[in-house]
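**Q** This is the structure I want to talk about, given as structure tokens.
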Amino acid sequence: ITEEKTQKHLPDNTAFKQQRLPAWAPILSAKSTLPIFFIVSIAFVPIGVVLLVTSEAVVEFQYDYTDCIINQSSMTQPCTCVINITLGTSMDGNVYAYYGLTNFFQNHRRYVKSRDDNQLFGVHVATTSVSTSCAPYNLFNDNGTIRPIAPCGAIANSMFNDTFTFSQGSAQVPIVRTGIAWPTDYSVKFNNPFPTNDLDQAFSQYAKPSNWQKPVQSLDRNLSTNNGYKNEAFIVWMRTAAFSHFRKPYGILNRVAGYTNGLPSGQYTLLVDYNFPVTAFGGRKRFILSTTSWMGGKNSFLGVAYIVFGGMCFIGGILLTMIHLHARNTREMSLISRLHH
Amino acid sequence: HSAAVSQHDTGTRTIYFNQPLEEQKFLKNEISTGKYNFVTFLPLFLFEQFRKIFNIFFLIICILQQIPGISPTGKYTTIVPLAFILTVAAIKETVEDYKRHKADGAVNNRKVEIFRDGRFVELAWTEVVVGDIVKVVSGKFFPADLVLLSSSEPQAMCYIETANLDGETNLKIRQGLPATSKIQSTEDMLQVRGMIECETPNRNLYSFTGSIKLHDDRLLPLGPDQILLRGAMLRNTKWIYGVVVYTGHESKLMKNANRAPLKMSNVDRTTNMQIWFLMAILLVISLASAIGSEVWKKETTKRWYLNDTGTGAKGFFMELLTFIILYNNLVPISLLVTLEVVKFIQAIFINSDLDMYHEETDTPAMARTSNLNEELGQVKYIFSDKTGTLTENIMEFKKCSIGGVKYGEFGDGYREDCSDRPNSDFYDEAFIENLQTNSQVRDFLTMMSVCHTVVPERASKYQSSSPDENAIVRAARNLGFVFCVRTPTHVVVRANGKEDSYEVLNVLEFNSTRKRMSVIVRAPDGRILLMCKGADNVIYERLSDKSQFLFETENHLRDYAQDGLRTLCFAQAVLDEADYKVWNDTVYYEASTAVIDRDIKLAHAYEAIEKNLFLLGASAIEDKLQQGVPETIATLAKADIKIWVLTGDKQETAINIAYSTHLINNEMALVLLNDSTAEKTKQTMEEAITEIGQEFLRQENEVALVVTGATLQHALHTDLESTFLDLALSCKAVVCCRVSPMQKAMIVELVKKNCQAITLAIGDGANDVSMIQAAHVGVGISGQEGLQAANSSDYSIAQFCYLQKLLLVHGAWNYNRLTKCILFSFYKNICLYLIELWFAFYNGFSGQILFDRWTISFYNVFFTALPPFTLGLFERTCSSKVMLKYPQLYSISQSASKYNAKVFWAMFLNATIHSLMLFYMPAFSLYNEIAFSNGQVGGYLFLGNFVYTFTVFTVCLKAGLESSTWTILTHIAVWGSFAIWLIFFGVYSHVFSILPLGAEMLGQADIVMSSPVFWLGMLLVPPSVLFRDLLWKVFRRRFRKSVVEEVQEMEMENIDPQKTILAAARQSQTDSDLQLQEERGRSGSLRSLQDTNHGYAFSQEEGGVVSQSDLIRQYNTAAQESS
């Protein structure tokens, strides 16, 4: 008992409290690190080459059609322009059509927040409950009755509404406007309000965004399921881009008869329904066709970066080797001189 | 009960004891050093927290976020982490305060006997109230300030030990008034009624004025001789009765204990500075962004898709606020709480260190504050108390020299051989043999047992106000000369089976001017002997020509002095009966009855008879050092820590201890400052400075400085302050003796103010409290009961030698850990949040965030919270064994080379480059947006999650790179943090389907992780970001290898690193070697001072209430001896 009493305050003899946790103490000497540098360089340079080759294999076609009509007057008057396109090489495999915008700040803070995710989730919003973050694109005064705008907000209001008709000779190249949105966006985030089987009724109490020509339930005339908030072009637009220079998917080549291998090279015609005004703020618009590789579109950055980093590691490794050899020499020398003493 | 008190406005308090009068409340006898109680906790805690600029900053951010429309990150993203962090801080505060309350409770619940309802009952200290009569027994502390009524000793005398209060070794005598001394029993006590009038509580330890009135007698004056202070201990006295006058925080001791000042460590100050820098940077980039936003707005009225013309547009100021909120996390919100928790756990490491656990007293080390853990790694000056800190305050008779022969040289060896012998440190076979044959040895022993003012107690214990005499008498007893009885006129010594009675004719008292004491006795054979012991120089002056072995004895004395032993010379003379009679009847009689200048006249009278002495020999008494003190001092000196000894004790004692601890050695020159006037002090100091040489000022010279308190008074005066400092800093060792507690603090302040060095004060007694509080770090010696210093200290340890581990291991480690932890915390935040700035260039300075708002705000509290902890707790460049073996390693933390403005800005630049890479590499990887083989593109948050994930991974790896040692917990922190983010990412990406939260994040994890670009980036970005850091480390190890790294490698290769260290030291001090040699030459003239030191030291109360000669006349122990 006395033993216990006298040792009442004896600290615990645990590895943690006594700071005796087993520890690995790596010494970052030239000798121990130079293999890392060489291994990394040996691994990264080939990866970079593979990535570059992969990127090079991607065929991409871009056309800036901003200036195809000079005298565009107003949003409501549809204009068209016809552009002749020559594909020098064939585009094999899946071909994706994009529209590209430049100097369009989809990443502006007040733009990004100007949406009502609750509304897009399929919840009916009243004039009082439509998100204020949509203001001033939240309510519409329809001859004295205030109605909520569906979909509300600046993003929806400024939705890209040029349409492309791509044809080879007289035959239209089949481009489907679905399969371009993220699966989770399509299946979870964007839902039509009740009743989902009758969109006209579902949206009857709402006003269309002021810049829109057509209400949200009739965005796609060709495919009735691709309407309302579930319209994929709309969903794609709603996911705002990171930079003011961006592209968004327009559609995918339907690889039916004649296009089973992709787009053959040759002459094509692009018919643009020119609705989306960009010249006012100095923006540009592009039409893009691209194939993809396993890692996405054409982008040589990763390949180059891998090669450069691999190369730097190699140089680093060489330097370390030299250092190491030099250090060993000096130590041996000093050892020798010590022995002589 | 029957005590009553009242306090007047006039500055006195009146205390009635043993009187059934109405009670008036005074302070409870309860001390409380806790910061909070239940009621005050919340307001005080919040006040403490929001006193810090850091927390105010985040509070302001919280408030700003509530303004609609300006916050880019929502309303709650700062308040949630802030609340979390405050909660952690509150838990920590609670735990710490609970400990303080517990420690207070232990003191408050000590037991004492209180006179209640006609009898003494044992109650807790808290029950003691003003006016109570208490009984305190030997070896116990006084529970409050008492007025002594009576004691078990004659004439109400008692001995008290005040080492705790003033650091003095000798016991003090207090004496009650004759009127109260008759109260000897409970029955007597019942008869007593009384009233005491005294000053209101004050902090003056050495004064007390009051008066006492018993029954209806006249008032009798009370003075400091009747007061027994809380903090002192009753010694050599069976019991005392006392009336309580001041209690609890009104006691003089507690009045002197200032509330511990809030100390801030050097690292904390630097960190604060850096937080200000960061805030300034934050303001600058916010301003720049706001201006950018204005410029951008001007150009873009045509951006029809934005609602710039609508309600969205805001003024410049609002934009500025937006950016401040956006970038606010540049200041790491979790930093303070991380540091608090890290320090708290570091303190646990200190508390539970088995190497600092003292088994005998069951005392572990204790960090009373965790604020200063890293300050322990930067100490440059140690100010140490002597008594109780360096020494154990135990005197042992160690050696002696009789007739030119040394005895006891091998005294230490006996314990193993003959452990059945009486417990004494002195034993020598030769001595025992010579005792039979050599009469001089016998005379010496006789003198040891006769020439003193000790009073024997029961059970062969002795009481004396002089620990030296006590040791001598005990040694004589162990050698067979047992001093057993003292009567008012005789001492009886039992030797060789017979009792010899010596009649004590005169006691020629000791004082520090005389440096000797003598007794004149009539030996059993009828001779009159004068026995005189004292300092060698005063004895030698008075030796007769017949004395022998003067030279040998002097040599021996020098040897003893070198070992730091306290020496006394023993001499005696046989007086002629007639001569003595003349002297006693005329010279002595006149002097002792003189009305004017009695002391001087007595000294002359003593002088007249203390002559023609025959030298018997010399004694050497050891003032026992605490375990390992010299080794510790040597080790600390190697770590370039200067040690100054500040003691309330006498100069001789202090010098002896300086020798025995090897602080001073014979190689060193000694400068004594012992002048009574400012002019002389100045002159001496200037002479010494000239001697040392101007060009060597403030460098370490082989010179020791000894200063006395009286001289310090002048030296610390503003005019001489800098001269004194010049001199003191030029000396290798500094010893200040007879210094008051206030002077101790002043010396510490002086160095603190002028040297920009970290100071540490260590002591055990109440007299050290002010110094402990003044120093950057205060260390208290704990283990003995009631050690006031420990309670006001920042760290308490049981032994001085634990200082080694506390500083060299814990201090150095903690510094290294904490600074790495801080730098890393800054780094990780700059890395992530500067990315928002780069992104601002691409989103029109709109304040859009690249990441989800909650992932941002959880960055600090979850995803990168662990790595700073591993750095702060487990980082270890060298093992504790190595740290102790090579004290030179301490200089790394001591010189703050790892944490200063330069290091901070280097880190800032590095973090900026990292954040640029972390933003642009993923941005370029996703430049054409198509990140999937199915042609789909991402969005801004898609990029954001790339960047965020890479950043978390990079930052975790960087923490790993900064770790010198990887424990299992490091692995958990590095990989675990990343895993936590991935799990959170996965879960958060699916929350929107359940809760209206994180709509933007919906599906991100699946999409991001299904992109090959993401995985390719993951493989490329973090390594390339850290490429330079790694390469740099390797290069630095090769080209600018630090001592630590060298030692690490050598340890691994089993080469003795001592060579490296010596070489490094030599390289940096090539010149000083030469200087050193020069100095040795130069300091020759100074050294002569030191040759005269023969280690004389003797302590006894001087000028006390009862003189030594009166004291011994009052005892008659014959009665108890026979019983």
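Every residue number used here counts from 1 along the chain in the order it is shown.
Cβ atoms here come from the backbone N, Cα and C positions, even for glycine.
Annotation comment: TrEMBL describes B:53-70, B:76-95, B:275-296, B:316-339, B:830-850, B:856-874, B:903-927, B:939-960, B:972-992, B:1012-1031 as transmembrane segment. What TrEMBL lists as domain 'P-type ATPase A' is B:108-170. Residues or ranges marked as active site, 4-aspartylphosphate intermediate in TrEMBL: B:ASP385. Residues or ranges marked as ATP binding site in TrEMBL: B:ASP385, B:LYS386, B:THR387, B:GLU469, B:PHE510, B:LYS533, B:ARG566, B:THR647, B:GLY648, B:ASP649, B:ARG738, B:LYS744, B:ASN767, B:ASP768. Residues annotated as Mg(2+) binding site in TrEMBL: B:ASP385, B:THR387, B:ASP764, B:ASP768. Sequence annotations record features per position, and here TrEMBL assigns region 'Disordered' to B:1071-1093.
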**Q** Counting every protein chain present, what is the number of Cβ atoms, excluding its own, within 10 Å of the Cβ of B:ARG738 (ATP binding site)?
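**A** B:ARG738 (ATP binding site) is surrounded by 22 other Cβ atoms within 10 Å.
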**Q** Should anything in the same chain at least six residues away from the transmembrane segment (B:856-874) have a Cβ under 8 Å from its Cβ atoms, list it; otherwise answer none.
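**A** Counting only partners 6 or more residues beyond its ends, the transmembrane segment (B:856-874) has Cβ contacts under 8 Å with 73, 77-78, 80-81, 84-85, 329, 332-334, 338-339, 341-342, 345-346, 349, 817-818, 820-821, 824-825, 828-829, 832, 849, 952, 955-956, 959-960, 962-963, 965, 967, 969-970, 972-974, 976-978, 980-981, 984.
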**Q** Quick check for you: of the binding-site residues B:PHE510, B:ARG566, B:ARG738, which have their Cα within 10 Å of the Cα of B:ASP768 (Mg(2+) binding site)?
**A** none
**Q** Mark yes when the transmembrane segment (B:53-70) and the transmembrane segment (B:316-339) have three or more Cβ pairs under 8 Å (sequence separation 6 or more) and no when they do not.
**A** yes
**Q** For the transmembrane segment (B:939-960), give me same-chain residues lying six or more residues beyond its boundaries with a C-beta closer than 8 angstroms to one of its C-beta atoms, as numbers and ranges.
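**A** Those are 824, 827-828, 831-832, 835, 848-852, 855, 859, 863-864, 867-868, 870-871, 914-915, 918-919, 921-923, 925-926, 931, 966, 970, 973-975, 977-978, 981-982, 985, 1000-1001, 1004-1005, 1007-1008, 1013-1014, 1017-1018, 1021-1022, 1025-1026, 1029, in sequence order.
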**Q** Could you tally the C-beta atoms, other than its own, that fall within 10 angstroms of the C-beta of B:ARG566 (ATP binding site)?
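**A** Total other Cβ atoms inside 10 Å, all chains included: 27.
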**Q** Taking Cα-Cα distance, which of the recorded positions B:ASP385, B:THR387, B:ARG566, B:GLY648 are within 10 Å of B:ASP764 (Mg(2+) binding site)?
**A** B:ASP385, B:THR387
**Q** Restricting to the binding-site residues B:PHE510, B:ARG566, B:ARG738, which ones have a CA within 10 Å of the CA of B:ASP385 (active site, 4-aspartylphosphate intermediate)?
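**A** Cα filter at 10 Å returns nothing.
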**Q** Limited to the domain 'P-type ATPase A' (B:108-170), I'd like the whole-number average of pLDDT.
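**A** PLDDT averaged over the stretch: 87.
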**Q** Just counting, how many other CB atoms are there within 10 A of the CB of B:GLY648 (ATP binding site)?
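**A** The answer is 27.
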**Q** Could you say which of the recorded positions B:ASP385, B:ASP764, B:ASP768 has its Cβ with the most other Cβ atoms inside 10 Å?
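**A** It comes out as B:ASP768.
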**Q** Given the binding-site residues B:THR387, B:ASN767, which one is most crowded in terms of C-beta atoms within 10 angstroms?
**A** B:ASN767
**Q** Helix, strand or coil by DSSP: which one applies to B:ASP764 (Mg(2+) binding site)?
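**A** In three-state terms, B:ASP764 (Mg(2+) binding site) counts as coil.
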**Q** When you measure from the Cβ of B:PHE510 (ATP binding site), how many other Cβ atoms are you left with inside 10 Å?
**A** 24
